[in-house]
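*Asks:* Just dropping this structure here.
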Amino acid sequence: MSVSVERFGQGPDLVLLHGWGMNGAVWHGIVPALASRYRVHLVDLPGFGNSPLAGEVEYSLPWLAEEVAAILPEQCHLLGWSLGGLVASQLALSHPERLHSLITVASSPCFMARDEWPGIAPKVLAGFNQMLAGDFKQTIERFLAIQAMGSEHARDDIRQLRHWLAERPAPQLAALEAGLGLLAEVDLRDELTPLSLPWLRVYGRLDSLVPKASIPLLDERYPSSRSVVLEKASHAPFISHPQQFIEIIEHFVG
C-alpha cells in the first residue's frame, strides 16, 4: 500500500506521526513554525486519512513500522504522538540507523494498565471496542473528549481536533479496531531499555491516557532519555500549548 505524506519547509528532516483515530492534518497548527526550520513530513498512518488500507493486512506494530520506514527520508528526527509514539518507538528499534533522534509525545511503551504499571484501565479500551461496533462517529467524538480532558482549553482543543480530522477521509474501521488492539496489547518497556538514540519524552501532566505516575517509572527505566512535562497540558500538548511545545522540540532537535 502507499502511505500518504505531506511535506513543508526546508532543513533537517522532521517526521510527525499522529495518534489513534486521527490523521496528519492534526499537526497543521504547528507546521508553519516548524517548517521555518525543518523539512516537516506529515504522515497518514495506514488506514487513516489519505492512506487507505489495500485489502486485508496483518495490522501489527512491526508491519506499521515497515510501512512508515518505506517513506522515511534516509535519516530524520522522528516524532510520534500517542499511538504514533509506539510506531516511532518500533522504528527506533528496527531501524535505528535511519533516525537522528526519537521524540514521543503523550505516549507510553505500554498503554494498558498492568500489575504495578499505571495506564489505561482495560475496561476503557474494551468500552471503545464495543462502541466502535455500534457507533463509529460517536466513538471518535468520545475519544476526542478524553484526549482533551483536564486541559484548561478542553472545548477549544476538541473543536480544533475535530476540524483537522474532517480535512481528510475518515479512518477505516479495520484500522481503528487494530489500533485499539495495539494500545491494549503492545508492551515495549523491556525492548526499549538498550535504546541508545537521543530520546525526548514529552507529557501533559493532566493526561488521562498516559498517567503522570508512569513518568518517573520511565525516567528510571530509561535514564539516558529526557522527559519534559507540560504542567497544564493533557493528551494533546501541541494543540493546547503550541508555542511551548514548539520551543521544546526546537531546543531538543536544534
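In case you wondered, yes, glycine gets a Cβ from its N, Cα and C as well.
Checked Swiss-Prot, it gives:
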- 14-242: domain 'AB hydrolase-1' (DOMAIN)
- W20, S82, L83, F143, L144, A145, I146, Q147, H235: substrate binding site (BINDING)
- S82: active site, nucleophile (ACT_SITE)
- D207: active site (ACT_SITE)
- H235: active site (ACT_SITE)
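Help me picture where these features are in the structure shown.
*Replies:* Sequence-distant contacts of S82 (active site, nucleophile), defined by Cβ-Cβ distance under 8 angstroms and a gap of at least six in the same chain, are H18, G19, W20, V105, A106, S107, Q147, L209, V210, H235.
Within 10 Å of the Cβ of D207 (active site) there are 27 other Cβ atoms, across all protein chains. Under the DSSP three-state reduction, D207 (active site) is assigned to coil, being neither helix nor strand.
In the three-state DSSP classification, H235 (substrate binding site) falls within coil.
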*Asks:* Out of L83, L144, I146, which of these binding-site residues shows the lowest number of other CB atoms within 10 Å of its CB?
*Replies:* I146
*Asks:* If you measure every Cα to Cα distance among W20, S82, L83, F143, L144, A145, I146, Q147, H235, the residues said to bind substrate, what is the biggest one in Å?
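*Replies:* Comparing all Cα pairs, the maximum is 17 Å.
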*Asks:* I'd like the number of other C-beta atoms within 10 A of the C-beta of H235 (substrate binding site), please.
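*Replies:* Taking every protein chain into account, the count is 29.
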*Asks:* List, in sequence order, those binding-site residues among L83, L144, I146 whose Cα sits within 10 Å of the Cα of D207 (active site).
*Replies:* I146
